[in-house]
Amino acid sequence: SFSVENQKHFEQRSERAKCVDLHPTEPWILTSLYSGTVCIWNYQSQELEKSFKLTESPVRSAKFIARKQWFVAGADDKCMRVYNYDTKEEIKEFEAHTDLVRSVAVHPTLPYVLSSSDDMLIKLWDWEKDWVCAQIFEGHSHYVMQVVFNPRETSTFASVSLDCSLKLWNIGSSNPNLTLEAHSKGINCVDFIAAGDKPYLITGSDDQTVKVWNYETETCVQILEGHKHNVTAVCVHPEAPIIITGSEDMSICIWHAKTYRLENTVNYGLGRVWYIGCMTSSPQIAIGCDEGTIMGNVLCSHSWDTVNLQDQENVSK
């Protein structure tokens, strides 16, 4: 069985946190704020490592590009910005879309970043070619709320939109290779289920449900019902059989990724949940909310890497 520890290992109150990302090797949470600031918090020392005032507009998405010591961020001023987090130097700033940038996703191996926008477009950027727009993906008829690369097949990615559709795309083709009318209301979030051998992904919607999809057979495998407001965040752990979802009802739900049973519900009391992040070989989850950022632990029978567990014990003392 699973649970989330009610003891918070890290809590930082702030302006609304729209996105969080965990660094793969450093004990850092990257948090992008509605106030236009991006922060890097050290969850072991509980201290602010670095802060970057990017813009006066909300920064809705920011992700580490750890292999370059960079982060990339997209904001409501239509721009994307890239910073070296070691030197604090701005690498690049450019107008990426004709409306606000909702989501960015970093390719795991290639020099690519995807962005999605309220201009209904998805764009692919190549940083080895000075951030040229290498491709535009058209097809959604409303705001594109999130894009995410497929970890099993990294030449493909998924997008979801307030047009109620889920689309799958191939890099190299500007037309989607799959469109599903997935929910009865707008879709806010999407993630792939990387563990196991099934071609599954999950979506979260304003219809208050989370759905599990087999994208090869184009069928809905399961509907997860438990939230009482718009589902704003979904996160599938890359190793453990855990699905974590968040909502404007202020709750986090933990589901078993094989049985789809609701295992636990937690409310941390920091308002609406906007984003959930997790990483390989760690039970830690980071949560971005209306009133700040939290890190908690998912407890389950999965054998976590002992080094990470030892680190976590040090934090909680």
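The backbone N, Cα and C atoms fix where each Cβ goes, and this holds for glycine too.
Summarised as a single figure, the pLDDT of the repeat 'WD' (94-126) averages 98. Marked as repeat 'WD' by TrEMBL: 94-126 (among others).
Listed as Cβ neighbours of the repeat 'WD' (137-179) (distance under 8 Å, sequence separation of 6 or more from its ends, same chain) are residues 102-110, 112, 114-118, 120-124, 185-192, 194, 199, 201, 203, 205-206, 213, 215, 218, 238. Annotation source TrEMBL lists repeat 'WD' at 137-179 (among others).
With DSSP states grouped into helix (H, G, I), strand (E, B) and coil, the repeat 'WD' (180-223) comes out at 0 helix, 26 strand, 18 coil. The repeat 'WD' feature in TrEMBL is assigned to 180-223 (among others).
Among the features that TrEMBL reports, repeat 'WD' is placed at 224-265 (among others). Residues 1-4, 151, 188-196, 202-206, 208-212, 271-281, 283, 285, 287-289, 298, 300, 302, 304 of the same chain lie 6+ residues outside the repeat 'WD' (224-265) yet bring a C-beta within less than 8 angstroms of a C-beta in it.
If you look at the repeat 'WD' (94-126), the same-chain residues 6 or more away from its ends with a CB under 8 A from one of its CBs are 57-58, 60-65, 72-80, 132-138, 140-149, 151, 154, 157, 159, 161, 169, 171.
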